[in-house]
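TrEMBL has this to say about the protein:
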- 291: active site, nucleophile (ACT_SITE)
- 141, 142, 143, 144, 145, 146, 147, 178, 207, 228: S-adenosyl-L-methionine binding site (BINDING)
- 32-373: domain 'SAM-dependent MTase RsmB/NOP-type' (DOMAIN)
């Protein structure tokens, strides 16, 4: 690496560090948050409930991971959901060695893969969507598909390989969308590798930022929509930078980073969120999420959404309103108490960070819960 390249990389790193230290407080950034982000990402393992559980455990045994070293993570109880032990994704993590990796998924006798390895924060968000059998769900930015796989396990419990819930409706719909062709191809491959053909899962390739979204909408609207929007992905930047720096190179992810890039991303994120609000039914829910540390891409997008909805209501171009946050009541207090074990509050939502006192090392992942309401 040339001296000029080294200087460019050093300047970019210095700018990056100062920018996020100013956002998160320099003491926290330097002592806990940045070191936690720099560590290897911790994964949980989500068994594929459409494949026999014994074949998942065989994959774990073959990897020489003692079963007693695994613990099932308790995802928050979203009130009226069928209990997670009966329906929805199951997540297992190492009790002690949190840097230990899970084995890659194996083909089961059914042809489907045995499990998916992912950050537990992703499973948390999929669980909070609270998909129910019979509902119509859209995963707007779905690639590579981990959250869609988790959502499907809540939608179609009648198709489980073990302990299928035969009384559950199998008439639901999951639409997994990805606009970028290569990512959409990977999404389709993953859905076909994890979800049985009998499940009503459709893979779409529609630009969610376009003003023409006829390919996304369903009559009557979706019950729930997940918007896991493209974002700055600072943890990826940090890991790429540290890997390149150790090899005496410069990572383009870091050298190309600019503080103002979040403003451009926020425009895309807002467009995606507004598309979701148009496509969800009145009374339905939208869960907005990013893996960014940037308030501009998180609370900032929610604030711009509120302003845009109010502007459109005054113009008469929309006949609905929105409520930000979980529904009031006893269930809200209980849910938020459980969320405190995973995340911290922000102005309009929550964020899971790897230096959380709970020690999970999950995230980062921001989320905000929105309900589309009748025009008041």
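From the backbone N, Cα and C atoms, a Cβ is placed for every residue, glycine too.
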Task: Tertiary neighbours of residue 145 (S-adenosyl-L-methionine binding site) (same chain, Cβ under 8 Å, six or more apart) - done: 176, 186, 187, 190, 191, 194
Task: Secondary structure at residue 141 (S-adenosyl-L-methionine binding site), reduced by DSSP to three states - done: coil
Task: Cα-Cα distance, maximum over 141, 142, 143, 144, 145, 146, 147, 178, 207, 228, record's S-adenosyl-L-methionine binders, Å - done: 20
TODO: Enumerate same-chain residues with a sequence separation of six or more from residue 147 (S-adenosyl-L-methionine binding site) and a Cβ-Cβ distance below 8 A; give 'none' if the list is empty.
DONE: 122, 123, 125, 126, 139, 226, 228
Open item on the list: Let me check the 10 A CB neighbour count of residue 143 (S-adenosyl-L-methionine binding site). How many other CB atoms are there?
Closed with: 24
